[in-house]
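K.L.:
Can you read through this structure? Questions will come right after.
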Amino acid sequence: MSKPTLLLIDDEERILRSLRMLFFSGYKVHMTTDPQEAIRILREERVHVIVSDQRMPLMQGSELLSLAREASPATMRILLTGYSDLDASIASVNEGEVFRYLMKPWDAEEVKKVVAEAAAIAEASFAVQMHTDISVDTASARSRVLIMDHDESTARTVHETLGDRCEIIWASDAQHAMEELAKQDVSVVVSDLMLGETNVGYILKTIKQLNPQTQCIVVTSFNDTSRLIELINQAQITRFLPKPVSKNLLARNLESMLERFHAVRNQPALQNRQAVAPISDPKEKIQAGNFLGMLGRLRARMGA
Amino acid sequence: MQQATQTGKEIFSLINTIDAISPDCSLEDVAAFFTHPQYSKLLSLPVVEEGRPVGMISRYRFMDIYLKRYARELHGKRPIRKFINGKPLLVELDQPLAVAARHVLANMQFPLTEDFIVTQGGRYLGVGFVMDLLHAMEQQMRANTMELEQANSQLKSSQLALVQSEKMASLGQMVAGIAHEINTPLGYVQNNVAIGQELFQQVQSMIAGYEALVDDLLDEQATEAQIAAQMQQIAERRADVNVQEMLGEMQGLMEDSLYGIAQISELVLNLKNFSRMDAAATEAVNLNECIESALNIGRTVLKDRVEVIKELGDIPKISCAPSQLNQVFLNLFTNAAQAMEGLGKLHIKTWSSESAVHISVADNGKGIPEEILTRIFDPFFTTKPVGEGTGLGLAITHQIIQKHGGEIHVDSRVGEGTCFHIKLPVVTSILMHQPAASEAAT
């Protein structure tokens, strides 16, 4: 394989020069401070990975990445920013659909590793057509939707939107969610971040490790930027909708995430595009380990 | 309920459990009671029939009757019922103290000849002394006063806390901005050092290769094959990395790094300058410096989309609290930036008149509607969404300017922009610093 192509965008040229040097040997590196130029490059050339700053005078990074998604869907998108603001991180999930949200100052080795991983995933997905026609038989296997939210309105919207096509499970606590997951994987998860007293972040992260095809929608009134960034990197949540969320918005996202699930299932090469980073929080790591262990035992018992 | 038991307690503490007398008691018996030690403190004796108070007989009235000539002989055997005051002062147990006191004060007679009866549900409980009641009342009022004083001082300190929290809120915003500002140079400096470290190792091993070759060449014992192998090794390394090119690039990265470090130092220095002085400390300061300092700190809010036009005139130093005025300017600048959607212009002007320094801060933002223009300096008035603004920014600005003996005015047109004009006296401010200046002025 020839060298993968990397596109770097930042309004500070010194950042660009520094990053270029980091990828000097293994990549073909393009860099620019101009978002329009970046889009032009994406259209003209096959770019494996785009790494963008968030706060730039001409265009926000999340907006640029969302344009990049249209111009070159197979390109893996990474945000590299020194400014963690909630709106920016929400936009980077919902519009930018970023693979990783990285912070400045960055760890050189980590960034190298993430970009290398992204480049390999991009290479694999170039071979696959990204926009497959989703007239595939969605009925072949009934999709399952797992709700982890005590908010009744969320459950009602899910029922009204997908009730005729999917099996819908409304889990009241972590134990219940686990039992359902033990039976069979789910297609879409709609979850708040808190389920009663339980912080369900580790469950979302585990679900994604269990089955990368599952699409996660988070609906919550919790506004914690650093937790959101963790969920982007370690759970690859695909939508983050702040509560109160309008019925239409949730319904629209349910439809598109169900579609996404089928697309990924039909093209397994795509599922790595949502590969997760390892869980960083030590407590969550233990929780996730326990969850996986118990789930494994449950599944073994059911299979027996 | 809580209130009732609380007030019940207040009256309860006033009760003296006294055995009441029957209305059928004869005057002779009553005379004996009045001399009995149990009743020695009483002004009057309670008269109770079937558990309910029917009246009071006071010492005063009793003497009036009983000390008359032949009274003992005439009335001694007669029941007291005929002689009692049938409308004694009654206080219900669960009445609030204040209500009871009001009732007693309104109905007692002068000179004070009777105590009052405490009842519960109309039934006799005991006797209370008017003086005790008034005393209790006084104590309660004293406690109330203390409570009021406490509430007052609490209000004062919570106002201070609010002012502080406004400071912290704007500080928080600022810190987030500055963190970003620092993270950018920190990002490339750190990365450059990491790259340099790796390059250093490569150069080290390269030099080791060359040195080994030189050693071989100088060594008469070395064989052709040995030398060839060494050269081969070096050639491979050279094919692997172009050290010359890398070193050339690295030179640039070093320069970038120094630039980045200078930037970080400047930011840190700005922060230090900004918060250096105690809130109250006054010194002679050129306000142009405060403005520059606030612009530096507020750069993150402004830089992306606001063009700053400065017309800073030659103005005299004034004696003031620079950190407070920094806060004023930063507040005005960030407000202006928030009022401008998209690109905007911020026009900052300073000039001096005979005895004052003037500052104007004008933006071409969305302007302030006339109906709220008079309220913008009011504490807690805000147009920002809940949680974003404390509504104290301009109130504090106003307060700081007033404390400095100055004035602040606003002029705004919707759709065109807003201009704040600040006027600070040169002389008065110096006066508070140097009392001797008044002599010089005459």
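Sequential numbering from 1, following the chain as shown.
Glycine is treated like the rest: Cβ placed from N, Cα and C.
Because the structure is a prediction, the values reported are computed rather than measured.
Below are the features I grabbed from TrEMBL:
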type    : residues  : note
DOMAIN  : A:5-119   : domain 'Response regulatory'
DOMAIN  : A:144-258 : domain 'Response regulatory'
MOD_RES : A:Asp53   : 4-aspartylphosphate
MOD_RES : A:Asp192  : 4-aspartylphosphate
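Describe the structural context of these features.
P.N.:
Mean model confidence of the domain 'Response regulatory' (A:5-119) amounts to 93 (pLDDT, 0 to 100 scale).
Taken residue by residue with DSSP, A:Asp53 (4-aspartylphosphate) is part of neither helix nor strand, so it is coil. When other Cβ atoms within 10 Å of the Cβ of A:Asp53 (4-aspartylphosphate) are tallied across all protein chains shown, the result is 24.
Other C-beta atoms found within 10 angstroms of the C-beta of A:Asp192 (4-aspartylphosphate) number 19, with every protein chain shown included.
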K.L.:
About how far apart, in whole Å, are the alpha carbons (Cα) of A:Asp53 (4-aspartylphosphate) and A:Asp192 (4-aspartylphosphate)?
P.N.:
29
